[in-house]
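Working notes, beginning with the structure itself.
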């Protein structure tokens, strides 16, 4: 074919005539007129072009380059020459910059029969203005006719290698190479920058032309905008036939479209009836090219009308036996048809044809490119291998798409056709919508008889093989996305192993099948099981292989009336049903829209979806209502929902038609830390939350009452959204009211429950009896044991242990996240240690109902009653011992070995203070400490007692509890530490100052002497200089008990402050060593360190809630158990010691008269023996 074209070219356009021959030899030649006459060789091409213009030689000219290389500096312009030949012997023409900074190159203007043969243009780039064309290139043909280029190479051009502008008739390029031609813009002066570009070949505004490009190579070229290797552009009156045969387009790039090839055909005026064109690519390889649109080829043609369906068209662009491989595009990778806007022209139609073993392999679309002149694109981008909009595309014979990334064929408002006995296969491709084909808007595919479509191993998010958006053609009758050309023979569509990642339409997804149903008078399933459309072969059942967009929306019946919070997202679980009556719920793929059915001031400010939940935000006033219309975007599915705005959830503040989280506004709620994504507010531990006169309020609250039993997090708690659930969530079981201070109806607070458990009040019949058994009798027994055995609880051996026991007994473990086994062991330890503050059997398992409707503060008064009983017991004993007539009691004591009754009474009094002091202190502070109910913006709404928020602080009802507490404070809690602290200082000051005796000092001395037995009992175990430590031990109790009054039990600050106090106490005792015996100092340090470690382990529960909690609990249990070993050893030693003493006394008294009393015990001498003087 090439020889025939060359022969035709020479036969028609070149005749043998006498011609002018000019040779150019840069090394041997000389630029003079003799070289123009052919007598010698010229030295430069620039001189030749200038001389020809001067002597006006216009025809039959041959220029031969004989030297090995030729340099060109400036522009060699040949004008109005007929029959011009420039040939070389594979020579290089190397350009350099001209003095005018316009570059260097060759221009042919208005020439006819131009032939270039056998040389290479290197480093050239001439800036030249040819009528309406202004560009930079190595060689420019401006308005020339009949051009032949053979074996001419263009390398490293600054701009385009070869440009044809306004050319006509025959244009031939054979066996040429276009390598590394690109626009770099350096050292040039230019005004119209946007018209400058690079690339291999540009064919612009040709007309009546036959162009053939044969066996050329285009490698690594770059264009600023369109057509990295080859760009063709023509319009208006044209009769052009362009053939590109056996060419390779490799590794080229374009800034916008057509990484290898760009084709633009447009109309600027009226079109003559005879105008037509054809462009044919045969056996071409288009490989590894890059552009934003059309990494391989970009075609811009006049668009067809909406319903144009005629395929017998004269104008065509064909790809015959071409291979598109590894091309890359941000939007389209291989071929882009009309990817940029252009007006619709019904008068000019172009058919795009892919035929005869054309292949698309490994092309990648959707790649984020970094290309020259890259500019950002706004809007929704897609990815496709072949994309066509407003075009007609035909697939004929054998066409395959293999392993492409991006939907292989994307047709938008376009018509496609499979020719007779055509076979189009899609294998291993991936896309977003449609793993093989995407039909959008009015696009349809016509299938001729015996044609075959195959889809194998393709995948996409939705529509594993085919995605069809037919929603816009439902108004047209007689249209279906697949149409038969004739009924002579059916066409076949086969599917195998295609996958939709969303599970929706593994083989086919169609937005609606109604147009097809109306056309064929069938139903959705029957369309694909018969042969109405074609013969389908699915890899699974029709209902599994095909899906449609939602045709129906469903909600739960309870959600047809919703009550959202103003300004807070509201989620609805929407179910979407397709035309096959199966669920295709996916709100990301099928978004919903929402509007009001009636005019309303409620604003829908935002709408989005997460998973199956459709989320709306309504802004308006509480109580406003309207009907919400929910419908699928562009689809027919609708739903009506009644909406009423509800009051803000707990922890939120209503402001500007919106519920705002308290933490994010100046009108805060005390204790609210932040809000979660699901709108629930988070409150700090130790805070109560509830409503006071319909106003949301918070207040500090004891952890035993506000225990947040439904929450697992230790330091923070999550409030419920529903106000009616707030009390059950905040309060302990069966509790309600402000600060959870009351039990619900039918329940009462149980005695001996460390958590003040509310139990059924039906079991209160035997409450007083249980009280006597659990309180009165144990206190009486403890008193008698101390009295009869003369036990001194303020000895050095027990001083520190009792302090330790009282702290451990009140250690906060009731609601720790321990296992049931650990809680059982902790309860056992509490029972043992509770003996030493008379919290006998203080565990929930032994709690009971004392009387109905008992409150926490009522039970605190009962504890006062127990304390009063113990005090009265001591006073009665003293009176009994002072009575001369009670000889029998004295004799009984003597028989029991208690000869020093006076010492036993002293020990009983000190034991009472030691055992009851801590309990009275706790109860008194619980009664007297207030809690402030705080509302919006930190405004105090009410002051209430800490343990009964239903009372007003210092109200008449509260005073019933305050008066006993004040009495206890004045006579039991405050005096002992003051006396024990002040007495050693007064004695020291008196000795240091040597104050003279007077009435005041005398009375103080008498008072001290009367109190001396008690002072010695408390202070006797300490060194003389450190007797004040007896008062410090009582002061330690006060400081430790005050901590949870201000920082709730178990919180970080509570633990930290307790730890600090214990550390300071330990430091003080280590520095002073106050006990007389060092063993007791060591014991005291050990117990304080033990307490400090137990407290520190609480921090593990603040920051974590995993397996480390179990470890911390076990270590705490072990630490608490260690002092019990000491108690066991001490008790054993005490019993052994007393047993030996009793034996010795028995041996001494064995020879004496057992009925004879010492003189001080004889009734007749009792008057002279005053026990307490």
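Cβ coordinates are placed from backbone N, Cα and C, and glycine is handled just like the others.
Whatever TrEMBL says is automated annotation, not expert-curated.
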Look up transmembrane segment in TrEMBL and report which of 997-1024, 1109-1136 it refers to.
1109-1136
TrEMBL tags one of 1053-1071, 1148-1166 as transmembrane segment - which one?
1053-1071
Taking 752-769, 806-823, 824-841 as the choices, which stretch does TrEMBL tie to transmembrane segment?
824-841
Can you see whether the transmembrane segment (961-981) and the transmembrane segment (781-804) are touching - at least 3 CB pairs under 8 angstroms, only pairs 6 or more apart in sequence?
no
Compare 824-841, 905-929, 1053-1071, 1083-1103, 1109-1136 by their Cβ pairs under 8 Å to the transmembrane segment (861-884) and return the stretch that comes out on top.
905-929
Between the stretches 824-841, 905-929, 1083-1103, 1109-1136, which one has more Cβ pairs under 8 Å with the transmembrane segment (1053-1071) than any other?
1083-1103
If we skip the immediate neighbours and take only residues 6+ beyond the ends of the transmembrane segment (905-929), which ones have a Cβ under 8 Å from one of its Cβ atoms?
782-783, 786-787, 790-794, 802, 806, 810, 836-839, 856-857, 860, 863-864, 867, 870-871, 874, 877-878, 881, 945-947, 961-962, 964-966, 968-969, 972-973, 976, 1013-1014, 1017-1018, 1034, 1037-1038, 1041-1042, 1045
